[in-house]
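Right, one structure below, let's go through it.
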Amino acid sequence: MPPSGLRLLPLLLPLPWLLVLTPGRPAAGLSTCKTIDMELVKRKRIEAIRGQILSKLRLASPPSQGEVPPGPLPEAVLALYNSTRDRVAGESADPEPEPEADYYAKEVTRVLMVDRNNAIYDKTKDITHSIYMFFNTSDIREAVPEPPLLSRAELRLQRFKSTVEQHVELYQKYSNNSWRYLGNRLLTPTDTPEWLSFDVTGVVRQWLNQGDGIQGFRFSAHCSCDSKDNVLHVEINGISPKRRGDLGTIHDMNRPFLLLMATPLERAQHLHSSRHRRALDTNYCFSSTEKNCCVRQLYIDFRKDLGWKWIHEPKGYHANFCLGPCPYIWSLDTQYSKVLALYNQHNPGASASPCCVPQALEPLPIVYYVGRKPKVEQLSNMIVRSCKCS
């Protein structure tokens, strides 16, 4: 028989130790966490980013904003920035969809381009080498609330019958009236109207990751160096001169549009919760009531949030942050919890459970001015892409 002192040991331990040393009982039952003030968390994240950017650029304070020259960036600087951003985007290619998420039906939505009577088209009406198609990102966001929900996006436009063969190109609108090349196509003569389709999934995801506004595409004639014919000979339904009467109504209804295929939010929440059982650290929060560790979206507008005008590009970015509790379960596969409990007894300032921290981070290219000289820099580890419990 063991000594009586050992038999009485459990009775001498304080109540918390009895709970910690009782197998099968989750430590989460002891939680006394208060409700999180999300606005306070966001403000602290914004202030942390302010210091982070200045520190990475080795600046004690923001450059004088009165020295920033007006007008667009020099073409060489803009080209360098665009190529840097494209390289970063290429390195962070979208992951393959999970089989379970890919199994379920996608909701299909059509988002029409902004009506041609909108003033945004005024500067483009007399241009003969291109046609322009603008979209309101708030309309896109109504159909797809979160970027991860988007499965596919296509730009659809209907061309009228044509007797001309022409090489055409598609561009994505960037700021400062610059355009990013997306692809090209050879259009052959046709006796009937024909629908053209372009995969723009990556572009629409970028728009969803930015603030609301007007974004667009340019559909242009290919300009070869040895050709003087730089006129687009393709007529597009909804953009070319309107027909009268009923034909005009049909013409307007068939104007270019985005065809969006996305997982409905309520279905995504179900898939998201099931994925948590397998991988807690690779998901965005699909609602404000998310209960576990995940990526919370946070868009930083340099002017509105930081009061900065000296960063010329981009105007802002999705910094994001990690938030949410991490499971602290007593089970056969988490016996290290015993060690953590003992560690905490001797280190009261240490965390009593795993913390929700960034796992994957991406860089942010920026263009800023030092005096009147523009500089292109890439700031490392600025965008939170996934979180983990650690």
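Glycine too: its Cβ is placed from the backbone N, Cα and C atoms.
What Swiss-Prot records for this protein:
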DISULFID  CYS285-CYS294  disulfide bond
DISULFID  CYS293-CYS356  disulfide bond
DISULFID  CYS322-CYS387  disulfide bond
DISULFID  CYS326-CYS389  disulfide bond
CARBOHYD  ASN82  N-linked glycosylation site
CARBOHYD  ASN136  N-linked glycosylation site
CARBOHYD  ASN176  N-linked glycosylation site
REGION    30-74  region 'Straightjacket domain'
REGION    75-271  region 'Arm domain'
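Feature annotations (Swiss-Prot) mapped to structure.
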| residue | record | DSSP (3 states) |
| --- | --- | --- |
| ASN82 | N-linked glycosylation site | helix |
| ASN136 | N-linked glycosylation site | strand |
| CYS293 | disulfide bond | coil |
| CYS322 | disulfide bond | strand |
| CYS356 | disulfide bond | strand |
| CYS387 | disulfide bond | strand |
Candidates ASN82, ASN136, CYS322, CYS356, CYS387, CYS389, namely the recorded positions, that fall within 10 Å of CYS294 (disulfide bond) by Cα distance: CYS322, CYS356, CYS387, CYS389
Neighbour count (Cβ, 10 Å) for ASN136 (N-linked glycosylation site): 19
Minimum Cα separation from CYS389 (disulfide bond), reported as the residue among disulfide-bonded residues CYS293, CYS322, CYS356 that achieves it: CYS356
Other CB atoms within 10 A, centred on CYS293 (disulfide bond): 25
CYS322 (disulfide bond) and ASN136 (N-linked glycosylation site), distance between Cα atoms, whole Å: 29
Cβ-Cβ neighbours of CYS387 (disulfide bond) (radius 10 Å): 29
Integer Cα-Cα distance in angstrom, CYS322 (disulfide bond) to CYS356 (disulfide bond): 6
Listed recorded positions ASN82, CYS293, CYS326, filtered to Cα within 10 Å of CYS387 (disulfide bond): CYS293
C-alpha spacing of CYS356 (disulfide bond) relative to ASN82 (N-linked glycosylation site), in angstrom: 33
